[in-house]
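What follows is one structure encoded as structure tokens, with my remarks underneath.
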Amino acid sequence: MFYLYRFVTNINFQKQKISCDDPNGHHIIHQNELLCGRYRTIKLLGQGTFGKVIQAVDIYRNCTVAIKIGRATERYRLASKWEAHILNELKEHDPSNLHRCIHLLRFFTFQNHVCLIFEILGMSLYAFLKSNNFIPFPASHLQSIARQLLDCVAFIHGLQVIHTDIKPENILLVNDTYTISHTTNPAQNVVQRILNSTTIRLIDFGSATQGTSHHRYPASTRQYRAPEMILGLGWSYPLDLYSVGCVLVELFTGRTLFQAAEDLEHLAMMEAVTGKMKKSFALKGANSRPTFFREDGFIDWPNSKTTTFQKEKLASLPHITGIIPADDTPRVALQDMVQQLLDFDPIRRMTAEMALSCRYFSMDIQEGTE
């Protein structure tokens, strides 16, 4: 049994009145503000629908921490407490953090905001890609990140936790320092940042679920969403594995795999990449989303509402064998693994444990280690 708790201090927060909230319940950050009588704010690190993340100094331990300050609304207070519960459970089962989920150091409530304390980490995989002009990760780095991510997913699934929002933005580097590599090709001299360390942490468990039942409510970011969710078929652990497959392709190419604006276009893109969905799965989809399918059992795409731009975008999307060309043995193995992670049918989709046993991870890949 895991209990949520508050830190008790001798600070009277109601009288302190240092700051206030904006109309949406976001805490207005003031530099050098003291939270919980212990954390002195330094700067804002990021902001999202959930709230804000700030950098602060723990004056008790004289170290820098990150604080996720949830919005002061009932919905987000409950979400923050749920995330704390999940993170406490993960930490209890992995105190040495061998499985690379972000560790919650502690949490407290400040002026109606639930605040979660974490170690300071580096930038996200997406932020690093962006800073590197979306140059793909070296093959050895991709293999290392893939192994860590799948191990993390296997660990949380073993505790009946589904993350539901795995994407490059939610995978942080522990150390984002890098060295510069000058790679010359016939077209241009390319300057590439090569990470000094590929150690990662999976973050943002605010949308995580726990339990073995199938869920039907929408979850995950569209670009990394599994087909069973789009088709309203219910979802469970395989949802995370489809997201992992999308992430690995993005790290390999430097580009988001599915840039879809709506569900039918998204399904059409999935079929372009991995082939037509099997009839048995299409039948389930047609029963759940009849307007998505034609009488012949194929998805209703293109249709009268499809724009020329959408048609051209789909036509330019290659099959997975073109995205990850089989021009060397490691790529053959990676392509095979990714195809199984992106299987339409969640029953047939590879699990995290199965993926970790793939021959891809038995290979000694040198690119990026020079």
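Please read every residue number as a count from 1 along the shown chain.
The backbone N, Cα and C atoms fix where each Cβ goes, and this holds for glycine too.
Long-range Cβ neighbours of LYS68 (ATP binding site) (same chain, at least 6 residues apart, Cβ-Cβ under 8 Å): PHE50, GLY51, LYS52, VAL53, SER80, CYS115, LEU116, PHE118. The feature ATP binding site is assigned by TrEMBL to LYS68.
The feature domain 'Protein kinase' is assigned by TrEMBL to 39-361.
Note on the domain 'Protein kinase' (39-361): its mean pLDDT in the predicted model is 95.
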